[in-house]
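Accompanying notes for the structure given below.
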Amino acid sequence: STHASVAPRCWHWWRWSAWSGLRPSPSRSTPTPGFCQKFSTQEKTPQICVVGSGPAGFYTAQHLLKHHTHAHVDIYEKQLVPFGLVRFGVAPDHPEVKNVINTFTQTARSDRCAFRGNVVVGRDVSVPELREAYHAVVLSYGAEDHQPLGIPGEELSGVVSARAFVGWYNGLPENQELAPDLSCDTAVILGQGNVALDVARILLTPPEHLEKTDITEAALGALRQSRVKTVWIVGRRGPLQVAFTIKELREMIQLPGTRPILDPSDFLGLQDRIKDVPRPRRRLTELLLRTATEKPGVEEAARQALASRAWGLRFFRSPQQVLPTPDGQRVAGIRLAVTSLEGVGESTRAVPTGDVEDLPCGLLLSSVGYKSRPIDPSVPFDPKLGIIPNTEGRVVNVPGLYCSGWVKRGPTGVITTTMTDSFLTSQALLEDLKAGLLPSGPRPGYVAIQALLSNRGVRPVSFSDWEKLDAEEVSRGQGTGKPREKLVDRREMLRLLGH
């Protein structure tokens, strides 16, 4: 490697010999019997780098460390803090989903794993430089863009991506200037997935129910002042094609102080058609049907009568144009094309009928999907699908380069889907290693990258740095009975770390 000279040879051998098993290491657990016979000498100390510290990155690292007792994994992350969408995507009122952080923390504390935060791959260091320093590189950086609507008026004030809105209430530093206008009566969300329901729920949940969560103080303050009373969740297809899950729907139906608005005519004939659909979809549709068509019981009717807020699902509507206020500055509504369905099952398409409908609103949230970005000119990228072209996680035509998570398969599925997917990628990598398809001989790993970053004035953040920030957040939350008060200002975080 051209970077190998960066570190003194003797030090290099010292480190390499510890990883290769030539020199005993007191902190290393004994490899399982027979394991070392499976891997030849040059495979004993693979230096692997993972880009992205969300679920895909951590699950990939976890699997590699578990199934190769000498592999060393460096996880690079552009944020100062780890955990990706577990921290910045999962709704604050779903703390149980964040429990995976405990598992990821165990992985990060392994003496064969290192977290390198505050490093933007593609800017601070290139993918070819990483490939030069490591035996293998896994890209697990997720989907950080939102899918644009591609309609006139999208740029008006008051039109916000649901992704940015979620980042705002979850403390993602780059979304802290968002300041969504919550002074209107009606909000419209375009899209009918779990993110759309999360956003609707946060907008309508009584603020006192959020006070004990890790929502940011700024978001909580804005929600206390909010005048939003009605939220419409709009989809271009019908009840059989919604992308949210039954758990999220149930939470919406039972949301304190709110009532659902569903049009029974949207559900005509559905009862007969759901007999043959898969069970999860059938149960979800049955719950929608009951909510839309059955008269609520005495208790539920009384609860709904007292509700000051409402949410509704609008089906068979496709966004055509954002309508401006008279001064042309802000959103005043959305023009929707009325659609009908063509085709059968999940593959049905929504086709405009020629009719349109205007829906007034003062806040328009676009939740029509996430999108990955290309990371580096050297990495193939399919802009149409928004993924890195790959075969079972192996990047097409680039040996030694892999991908896992949303950048591998597109922005769908939950954390467990990502776990399975990441395990498959790491399995492919280990198979290639065993087959001798990866570079042989030692690689400098982080030693080489550290020198490059240092020359470029980049100061990475370690996992123990994160643990200092974590302790600070927890201590700030204690005063108000919250699990933590998230730090949202990068400069303040770096100051706390003495950077």
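Yeah, the Cβs are placed from backbone N, Cα and C, and that goes for glycine too.
So that you can see what the record holds, here are the features copied from TrEMBL:
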- A56, E77, L85, V121, W406, G413, V414, I415: FAD binding site (BINDING)
- Q192, G193, N194, V195, R236, R237, E248, G413: NADP(+) binding site (BINDING)
- 47-203: domain 'FAD/NAD(P)-binding' (DOMAIN)
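Ranking the binding-site residues E77, E248 by the number of CB atoms within 10 A of their own CB puts E77 at the top. Close to G413 (FAD binding site) in the fold, though at least 6 residues off in sequence, lie D421, each with a CB less than 8 Å from its CB. Distances between the Cα of L85 (FAD binding site) and those of the binding-site residues Q192, N194, E248 are shortest for N194. Distance from the CA of N194 (NADP(+) binding site) to the CA of I415 (FAD binding site) is 13 Å. Rounded to the nearest whole angstrom, the C-alpha distance between A56 (FAD binding site) and Q192 (NADP(+) binding site) is 24. Considering only the binding-site residues Q192, V195, R236, R237, E248, the residue whose Cα is spatially closest to the Cα of W406 (FAD binding site) is V195. Shown are the binding-site residues Q192, N194; the one with the most C-beta atoms within 10 angstroms of its own C-beta is Q192. Per-site Cβ counts within 10 Å over the binding-site residues R236, R237 peak at R236. Separating the Cα atoms of R236 (NADP(+) binding site) and V414 (FAD binding site) is a whole-number distance of 23 Å. The Cβ of V414 (FAD binding site) lies under 8 Å from the Cβ of no residue that is in the same chain and 6 or more residues away along the sequence.
Other Cβ atoms within 10 Å of the Cβ of I415 (FAD binding site), summed over all protein chains shown, number 17. A C-beta separation below 8 Å, combined with a sequence spacing of at least six in one chain, links V195 (NADP(+) binding site) to A162, R163, V166, S367. Within 10 Å of the C-beta of G193 (NADP(+) binding site) there are 22 other C-beta atoms, taking all protein chains into account.
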